[in-house]
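S.K.: This is the structure, below, for whatever I ask next.
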Amino acid sequence: MPAMVVIPTGRPTRRVRLDKVHSIVCNRVKDGDEQFLVRWKSSTSTGKPPLSWHAVNELTRCLELVQEYLETRHKIPAFQQSKKRKSPDTDIEIERRASPLDRRLNLSSRTPSISRSPSVSSTASSAVIDVYNGVLDSEEGFLLCRPASGPEIPEINITAVPTVDMAHAARRARVDTASILIRAEYTRRLEKVPGSKIHLINTYDSTTPSLRFRYITDYILREGVFKIDQAAQVGCKQCSPHMGRDIGCEYTKKCDCLEYAAVDENRITDPDMRDAYNHALATGGSTIGFPKKFPYFAEGAKRERAGCLVPFYLNSRRPIYECNDNCNCGPHCRNKNVQLGRTVELEIFKVRDGRGWGLRCHHKLYEGQFIDTYRGEIITDAEATRREQASSSKAKASYLYSLDKFAESEGLEPEDVYVVDGEFMGGPTKFINHCCEPNCRQYTVSYNKHDCRVYDIAFFACRDIEAGEELTFDYLDKEESEGVDEEPGEGAIPCLCGAAKCRKWLWT
Ligand SMILES: C[S@@+](CC[C@H](N)C(=O)[O-])C[C@H]1O[C@@H](n2cnc3c(N)ncnc32)[C@H](O)[C@@H]1O
């Protein structure tokens, strides 16, 4: 019995399963359909893994692979074929010779494919599926391909795919439908992100940010990372929701959450208290019991300032301590802001000058306004080093954030510091580009003063920002006094921020 190629019938949509696909190796237009050559995963390592052509609407479950292929399509390696040998896709060869495009497509669809003999027309689609090195099968509406051999099955060595002709045709074939599907999938995912709407805007080309990225709203803790359980968080016990204006913790001397917050020196008017405070400063003693600076403007401030970070915190590096669910101050305490999540509408947009994608706000932002947090996987320092070394991208460092704010004060060794990796999982703030004169800044926000290893990194506007202006922050984020090296280090990326005081490198 000859080996079979089974094409499922009777199902309107056949979908290729992501977990079965190794990669996409080529594309073409056939019978008006944008098609992609799927390389299937094979249990045995073979130079001849199963391959088959699929219309893009069969690939909606593996669009990230289609996207990755399209991003490198212009540089797909073409393997030189011997003059005598025929391309496995003779029709593509014809596509290349003829012109204009429509004629090429018509011709190609009329030209018999050499692999037709083992393929069977599907009732589900007009397209004929060319299958190489394998047998195509259906399983509960999904397509699967398994390795097989036999005289009826055309064989191709994977190292010969794509051929020069295939690669040539692939580069010129239109991929509009694939681009639309990829964008629609990304937009669908954005719509699921909690909080105000996030738009995707690209007036520049047809690309979409990577579908490999997963939107998350909370950290994902990886192996070796421990966070103090929420139930064990210490809350403020002396406060109450009704301490005057029903806004929770307004007596900052009482609030246990603000125990370690910055002291409000202006409110130390009593001479004895001033002496005690000066003594604490001189000896590095505790500042518990002194009036503390409250981080956010209250409702009594100008309407647009309510909830914004006060200048003291905005211009300093002091951590912000917010109240938490175990506090007595109630849900409306004005010391709960970052933890309530993003309220501003954002736009991920394609930047025209080679910096990739960027982030901007759909409406005006006010100085001190909270934008969003940086999210990602929390990994150990060792894992961060491993990922950096394994990454082929020089840009990897720009997705890694050390949670080292309290390392010095708490005596943490560098290897005990956790790192947030936001490259493949995170939020829209992943798209904030660097600027040497930025309009945003990142701040440490803690909901649990006893956890010095896990806290939030929150972005706030450091000046008023007009609607549509790109949001940026300084990737170096050094203290004013630290200074910046002039010479670029290994892996430094030239800075394209265009600021008058540009340091020329993303980091040095
Ligand atoms: C955290 S990502 C920011 C989002 C990124 N533009 C994207 O498309 O995904 C950091 C990367 O963006 C690029 N980038 C950000 N700011 C830049 C700048 N000022 N100059 C050049 N490249 C920049 C660099 O490739 C950097 O590694």
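Placed from the backbone N, Cα and C atoms, the Cβ positions cover glycine too.
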S.K.: Looking at the ranges 79-98, 99-118, which is given as region 'Disordered' in TrEMBL?
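M.R.: Among 79-98, 99-118, the range TrEMBL annotates as region 'Disordered' is 79-98.
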S.K.: Please average pLDDT over the domain 'SET' (344-476) for the predicted structure.
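M.R.: Summarising the domain 'SET' (344-476) by its mean pLDDT gives 94.
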S.K.: Please work out the helix, strand and coil residue numbers for the domain 'Chromo' (19-81) from the DSSP assignment.
M.R.: 21 helix, 24 strand, 18 coil
